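**Q** Positions annotated as transmembrane segment by TrEMBL: 23-49, 61-88, 100-124, 136-155, 162-182, 194-215, 236-255, 275-293, 337-356, 368-391, 398-416, 422-441.
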Amino acid sequence: MAGIGFELKKLFRERSAAGYMKAYGYSAIVTTGPFVLMAGMVLAVQMMFRTFEVPQAEMQLYTASVIYSFVFSHVLSSGFVMIITRYLADLLYGGEHRDIAASLFGIAAVTLPFGTIIAVLFFWNKPIAFSTKLLTYIFFMQMTGIWLQGVYLTAVKNYKALFFSYLAGVFISVALCFLVLWTGLLPAVDGSLLAMNIGSAVILTLFLAHILRYFGYTKKGLAFRFLPYFEMHPKLFFIGLFYTAALYTPNFIIWLGPDGILIDGTYRCAPTYDVATFFAFLSIMPVMVMFTVSAELNFYERYAVYFTYITKRGNFRDIEDARIDLLRTLWYELRNIVEFQLVFTIVFLGLGNYFLPFVGLSFGSVNMYNLIVLGAFFVAAAQVVYTLLLYFEDQRGALLVTGGLFFAQIVFGVGGQFFGEVSYGFTFFLASAIVFIGAFLRMQYFCKRINYFVYCARPVFYRPPNGMLTRLSRLLCGKREGDDLV
């Protein structure tokens, strides 16, 4: 989170219930906004489809179009989000704001063409109507933009404006969808997708206005100054990509397996497993809120003290005391977060087993849900661990965790196909649990050797990047006087 910690510190200094509520609310908006946006709109539209007796086939086509846009925009943007997060963190730390807003347009210009290529290849020769393809593509692009904007929104302090931006977009989408279904002016699927596109466009526009208002926009801003970061920190790109892809890999494998179904000759889905996954993933939403509020505040303060002593004014005793305090805080916060998430996991297990049968889930689907909830617990814990590793620049360790998670999901998921539906959920749980154990061991290994990693594992002399992307950045941006970020 590039800048949210700075704002949360101010909120917690208020030492009031209102301050704490603002802090938790702000972090919840920033960390879970896109998922809540998608979930809220889809559920509301599905309810209206049932109310207006829209055929089941059209409901499936609409749901698949939205889910594919959400999932693949998340995967597509994940690596770019990690790179731009690091770039923004360096700019904010150095107090350089003039290039921040420009970089949003730059990262969008890099990411969106990849999305266009993916969409064209996917929809090529698919039998659904061109209008449905076009509306789905637009929503896919908008969701990609929202994922990218989320990085910048962590530093925008007006959390009320962010909340009402989401609320306005959802309200407009739902209201327009109701109007379309009530009047019958447009086909149900296209009309609903158009409504969601309009609502998402409102959110995108409002978010862009907040970002530009906070950071300002100057013609001297360099839009592609971040390109060398792909060469400086290539592991970050794959850390984000592997982790996000790992979340959905079990779904992809089951979609392509014997239990997957084909919707209108275009989308492959596995409704039984997908619905269980959707409800199960709701259980891990609190963990990043807790991590942002608790660990990034308490842990970061010790982290900053430790490295300030190393780089500026500390003697050996100061550095050693700060190291001990830092590691004690790290393990304390990690334990608190895991315990916090465990409570929510137990709550979701109980609520799911009671309520899910009422929404039509079978006994087998509820069993899948239980296993996916347990697997999601380990995935969330592994995410916290690799994020902490990134604080210490242990990109290799974080890549081992996320890459291990991705490939473990592939191996166990493909292997589970030989056992059929009985393995669904269990393979996700097993792969996630094993990788969490590995992540925990990596964290232990790093902490025991933190002095080596801090003092000896980094290069003695800085070598500026000089690859193709760096040269392209210089070509596009030129060399600005006093510009020494890369």
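Glycine too: its Cβ is placed from the backbone N, Cα and C atoms.
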**Q** Please work out which recorded stretch in 61-88, 162-182, 194-215, 398-416 has the most C-beta pairs separated by under 8 angstroms from the transmembrane segment (236-255)?
**A** 398-416
**Q** Is the transmembrane segment (422-441) in contact with the transmembrane segment (368-391), using three or more Cβ pairs under 8 angstroms as the rule and ignoring pairs under 6 apart in sequence?
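**A** Between the transmembrane segment (368-391) and the transmembrane segment (422-441), contact is present.
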**Q** If we skip the immediate neighbours and take only residues 6+ beyond the ends of the transmembrane segment (194-215), which ones have a Cβ under 8 Å from one of its Cβ atoms?
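**A** Tertiary neighbours of the transmembrane segment (194-215) are 37, 41, 45, 66, 97, 100-101, 104, 135, 138-139, 142-143, 145-146, 149, 152-153, 155-158, 161-162, 165-166, 168-177, 179-180, 186.
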**Q** Counting only residues 6+ away from its ends, which parts of the chain sit with a Cβ under 8 Å from the transmembrane segment (162-182)?
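**A** Residues 25-26, 29-30, 33, 36-37, 40-41, 44-45, 48-49, 51-52, 54, 153, 156, 188, 191-192, 194-196, 198-200, 202-203, 206-207, 210.
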**Q** Against the transmembrane segment (61-88), which of these stretches has the most C-beta pairs under 8 Å: 100-124, 136-155, 275-293, 398-416?
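**A** Of the candidates 100-124, 136-155, 275-293, 398-416, 136-155 scores highest.
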**Q** Taking a Cβ cut-off under 8 Å, which residues six or more beyond the ends of the transmembrane segment (398-416) line up next to it in the same chain?
**A** 235, 238-240, 242-243, 245-246, 249-250, 253-254, 379, 382, 385-387, 389-390, 423-424, 426-428, 430-432, 434-435, 438-439, 442
**Q** Excluding the flanking five residues on each side, which residues at least 6 beyond the ends of the transmembrane segment (100-124) place their CB within less than 8 Å of a CB in that stretch?
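**A** Those are 72-73, 76-77, 80, 83-84, 87-88, 91-92, 133, 136-137, 140-141, 144-145, 148-149, 152, 155, 208, 211-212, 215-218, 221-227, 266, in sequence order.
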